[in-house]
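Student: According to TrEMBL, the protein carries these features:
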type     : residues                                  : note
BINDING  : 67, 83, 104, 201, 202, 203, 204, 275, 290 : ATP binding site
BINDING  : 104, 290                                  : Mn(2+) binding site
DOMAIN   : 165-382                                   : domain 'FAM20 C-terminal'
ACT_SITE : 270                                       : active site
């Protein structure tokens, strides 16, 4: 019997079976009802390393979506979504662009991942783990320099992608792919001569293994040049939402408030839908996917993103305390973000004015919450989530 037990537990290499799994699989196994990964999951740092160092074995275009994205497969069979660099760090979204025709920024994807998690902070010679928003709802993202010839053109079996490669008059390698926006010779992505920068976001488990449900964001924009959405004209719109499942019970409305704060800090106006894992039903977190339209303007704070918070006047206590901490001089949001983003291979990720804009927006969020408290009373606004089951049982699979 003893012999059999050994065989079950150890592989011929002498490792326990889970230790031998690739990091992308360890990430998938760690997903639970409350978070994409736990605070201390060592596989996440290792996965970020894999995203920038694993050999790219094949590349294909991702179908759907308005802008070019590539699916990259690695030697260890992990996969990631590659968004190429479209704008320099200093460029702002042109003032006459609508939110739905804005570029998707690779650095916004990277910064969103860091904003959503934690950073090691050296404070008075001690290493302290300071969490930034500590939601852990964004899949791991890392920046990488990719050789367009060796790591895209030569490994793709996607004829439609391959056909769009050309050499520019300046002798640089360029390609533009196929998509509904910005996929033309004029909007081609060109290397110098063949290096391109981009973000790589780790894939979530295959949909055949972990189905996801797509929900229409109640505060989605009209996506129309002239029409307004209902929430923009009805100040009592939240009351209506709170009577509609899944917002009429459980934590979903608080999750939407977390997402609202997250998007406002980044200036992301493009949250038209969101996703959850079907297996966990309605009592689960919102996955913060697709953040490429954040960090477009540092000189403007888009107050309409904050409307859900202003209308609903609800926030988790854990989120509120964290925001108050990040407003303190010694734990300043911009400083923590800057420190965290330095770890990325293609740092600096954000132009300094974007970091300063986050501090300014944080003050606006805190003012909105304090206005709510003044109007409705602390206990009606701030939801104590510390003794709730949600925060004590964090390992349920």
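Note that Cβ sites are derived from N, Cα and C of the backbone, with glycine treated the same way.
Help me see these features in their spatial surroundings.
Tutor: Over all protein chains present, the Cβ of residue 67 (ATP binding site) has 21 other Cβ atoms lying within 10 Å.
Counting every protein chain shown, the Cβ of residue 104 (ATP binding site) has 25 other Cβ atoms within 10 Å.
The average pLDDT computed over the domain 'FAM20 C-terminal' (165-382) stands at 97.
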Student: Would you mind listing, in sequence order, the residues at least six apart from residue 204 (ATP binding site) in the same chain with a Cβ closer than 8 Å to its Cβ?
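Tutor: Non-local contacts for residue 204 (ATP binding site): 28, 31, 139, 210, 212, 287.
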Student: Of these recorded positions, 270, 290, which scores lowest on Cβ atoms within 10 Å?
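Tutor: Candidates: the recorded positions 270, 290. Fewest Cβ atoms within 10 Å: 270.
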Student: Report, as a single number, how many Cβ atoms besides its own are within 10 Å of the Cβ of residue 202 (ATP binding site).
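Tutor: Residue 202 (ATP binding site) is surrounded by 23 other Cβ atoms within 10 Å.
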